[in-house]
Amino acid sequence: MNINDLKEKFESVFKEKPDRVFFSPGRVNLIGEHIDYNGGHVFPCAISLGTYGLVSMRADDQVACYSLNFEADGVRTFSTKAIRYQADQTWLNYISGTVHLMQEQAGRAVRGFNLLIQGDIPNGAGLSSSASLELLVAYIANQTSQLGLSRLDLVKVGQAVENQFIGVNTGIMDQFAVAMGQENEALFLDVNTLEFDRVPADFGEYALLIMNTNKRRELADSKYNQRRAECEEALARLQKILEIKHLGDLDVETFEANRHLIADPILEARAKHAVYENQRTLQARAALMDHDIEQFANLLNQSHQSLKEDYQVTGIELDTLVQAAWDHEAVLGARMTGAGMGGCAIALVQKEYLDQVQTEIAQAYQQKIGYTPSFYLAEVGSGTCER
Ligand code: GLA
């Protein structure tokens, strides 16, 4: 749907014209997976797929929401004065939770508004549709109620919505990428200091293809919180001897010399992933800056292998998709992206073979899994903004 169609739809739902139009992207993580809660480095970028929000202001304290992705739900309304989590209100919780935590952060009320949203990021596909929505609403509230919060404040509100309102113990990567992204640039972020730099997302003759397993992943139901707890336990065991705050503080040599302290093969494997993946992320940044796409792709492949074997968050769908990509001559590298356990993978594909690669990967995937994957050729886009 283009913006004019969205405006028409807004008018037909709310019986008035929208005042303003906002957009918030999704993200892919290039590398540095399951690292943002382990004190290391991540390397995501915002993508051109995202969530649109059309807004008109109201005179009361109501927020009335209509999602074109869930039209059957109709208009859902809540008061900014009485916000609580409601188990039966899936998507609305992200909006009400964000308004709630924006008010808390700003120390004053958000004005009521009508909101029509439309997302072209598939939900639950690991492309951060929820962070996209959180930042959209945070940005809208900040602008329309002139709360004066910084972009970084909005990022933290978004993460707090996940952690405190929805109940998933996520790190800060998704909200950071969604808010801070810029066209054609990846963000290299140190999650301890929140210092970051921008690296041109230039893959030379290769395009960044997003491949969706079409297996839905629900973060709250997933192994996400479990992995996080396993890493914390591995860290606690290492801390009996080592003076470290996070697994990300370890280099490979120190980890190898001390891994026996963990004394549990599963916890050891989880920690190994965290330590090695963080080092791979540092190397990947250097490779991309040197235009060494082959080395960059190699690191992506190693990352997937580690997420499969040591971290165990891939599953048959993601492994089949990535293997089919690896098997193709025109693919330089591929890995799962996001939390895993379904959702999406990324691949670096020679631009002139893009069509052929998609057809052949789809065939291989369909044969083994029984349904087809989807593909998106997203560009590396900019962060949450007014359109
Ligand atoms: C999800 C979380 C992020 C991050 C990734 C895995 O997307 O929201 O904070 O932990 O998984 O890298």
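Using N, Cα and C of the backbone, Cβ positions are placed for all residues, glycine too.
According to TrEMBL, the feature active site, proton acceptor maps to Asp174. Annotation comment: TrEMBL describes Glu33, His34, Ile35, Asp36, Tyr224 as substrate binding site. Summarising the annotation, TrEMBL assigns ATP binding site to Ser67, Gly124, Ala125, Gly126, Leu127, Ser128, Ser129, Ser130. Here TrEMBL flags Ser130, Glu162 as Mg(2+) binding site. The domain 'GHMP kinase N-terminal' annotation in TrEMBL covers 93-182. Feature annotation from TrEMBL assigns domain 'GHMP kinase C-terminal' to 285-365. Summarising the annotation, TrEMBL assigns site 'Transition state stabilizer' to Arg27.
Where TrEMBL records a feature, it is marked here on the structure.
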{"residue": "Arg27", "record": "site 'Transition state stabilizer'", "Cβ within 10 Å": "33"}
{"residue": "Glu33", "record": "substrate binding site", "Cβ within 10 Å": "28"}
{"residue": "His34", "record": "substrate binding site", "Cβ within 10 Å": "26"}
{"residue": "Ile35", "record": "substrate binding site", "Cβ within 10 Å": "28"}
{"residue": "Ser67", "record": "ATP binding site", "Cβ within 10 Å": "22"}
{"residue": "Gly124", "record": "ATP binding site", "Cβ within 10 Å": "15"}
{"residue": "Ala125", "record": "ATP binding site", "Cβ within 10 Å": "24"}
{"residue": "Gly126", "record": "ATP binding site", "Cβ within 10 Å": "30"}
{"residue": "Ser129", "record": "ATP binding site", "Cβ within 10 Å": "25"}
{"residue": "Tyr224", "record": "substrate binding site", "Cβ within 10 Å": "21"}
List those of the recorded positions Arg27, Ser67, Gly124, Ala125, Leu127, Ser130 whose Cβ lies under 6 Å from any atom of ligand 1, in sequence order, or write none if there are none.
none
Determine the minimum-neighbour residue: among Asp36, Asp174, listed as recorded positions, which Cβ has the fewest other Cβ atoms within 10 angstroms?
Asp36
Could you work out which of the binding-site residues (Leu127, Ser128, Ser130, Glu162) has its C-beta surrounded by the smallest number of other C-beta atoms within 10 A?
Glu162
If you pair up every Cα among Ser67, Gly124, Ala125, Gly126, Leu127, Ser128, Ser129, Ser130, the residues annotated as binding ATP, what's the maximum separation in angstrom, rounded to an integer?
20
His34 (substrate binding site) and Gly124 (ATP binding site), Cα-Cα, nearest whole angstrom:
17
Just the number: how many Å between the Cα atoms of Gly126 (ATP binding site) and Asp36 (substrate binding site)?
15
List the residues in the vicinity of the substrate site, defined as same-chain residues other than Glu33, His34, Ile35, Asp36, Tyr224 with C-beta within 8 angstroms of the site's C-beta centre.
Gly32, Tyr37, Asn38, Val42, Gly171, Met173, Arg227, Ala339
For Leu127 (ATP binding site), name the DSSP secondary structure in the helix/strand/coil scheme.
coil
Just to be sure I understand: of Glu33, Ile35, Asp174, which recorded positions have a C-alpha no more than 10 angstroms from the C-alpha of Ser130 (ATP binding site)?
Asp174
Between the residue listed as 'active site, proton acceptor' and Glu162 (Mg(2+) binding site), find the distance joining the two CA atoms and give it rounded to the nearest Å.
11
Would you mind sorting out which of Arg27, Glu33, Ile35, Glu162 (the recorded positions) have a C-alpha within 10 A of the one on Ser128 (ATP binding site)?
Arg27
